[in-house]
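Quick look at what Swiss-Prot lists:
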REGION    1-21  region 'Disordered'
COMPBIAS  1-11  compositional bias 'Polar residues'
DOMAIN    15-207  domain 'DPCK'
BINDING   Gly23, Ala24, Gly25, Lys26, Ser27, Thr28  ATP binding site
Amino acid sequence: MTRSPAPSSPTHPRRLGLTGSIGAGKSTVARLLRERGLTVLDADAEARWVTEQPEVLTELNEAFPGVVTGGTLDRAGLAARVFSDPAQVARLNAITHPRVRARMEALEAAATARGEHWVVQDIPLLFEGGLERGMDAVLVVDAPLELRLERALARGGLTREDILARDARQLSSEEKRRRATIVLDNSGPLEALEGQLDAALRQLEIT
């Protein structure tokens, strides 16, 4: 499924959103985009950077006592505490999201200064956060559920039940596909994915 990209603002490069369900292969596509010379802003990496800053650690420990020990955030403990409680998630997001946005905007400004015409924003919960409205186009990486589960389990750290629970809290793959500008089907070999990606970049006039 494809649709035309929205017009971009003259104050920043065009924004290509990148998202996908757990195990779909979004990280692989992000790597391929970097190999093709595009700047990829990784929302998860920037969120990790933000939560390493002393003032943020202080706020997090005040909001969630005990999650910071010796200046280090217990990420697993924090995730377990907020995961099933929407009010706690909202509290965490209120601390981190404005800072992550500011960080992404600063990196985007640097890309603008380098004369780049497009930047990629790699955001796992792009649709769930309503962030597609700020994108000029959105790539959704998708694959069948069982294949996604197999890949996610191979990474380790999560059980099948954990993965299914996280997946259930996101928009369905079908809804993500419906909202996408272009869908990349990652159910085949890497070469097939690369071919689809290159075709998408040509369609969007990125390369």
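In case you wondered, yes, glycine gets a Cβ from its N, Cα and C as well.
In sequence order, Val141, Asp142, Ala143, Arg148, Ser173, Asn186 are the residues of the chain that are 6 or more apart from Ala24 (ATP binding site) and have a CB within less than 8 Å of its CB. Summarised as a single figure, the pLDDT of the domain 'DPCK' (15-207) averages 95.
Within 10 Å of the C-beta atom of Gly25 (ATP binding site) sit 23 other C-beta atoms, taking all shown protein chains into account. For the ATP site, the Cβ centre of Gly23, Ala24, Gly25, Lys26, Ser27, Thr28 serves as reference, and the other residues of the chain with Cβ at most 8 Å from it are Gly20, Val29, Val141, Ala143, Arg151, Asn186.
Taking a C-beta cut-off of under 8 angstroms and a sequence separation of 6 or more, Lys26 (ATP binding site) has the following same-chain neighbours: Leu18, Thr19, Gly20, Asp122, Pro124, Val141.
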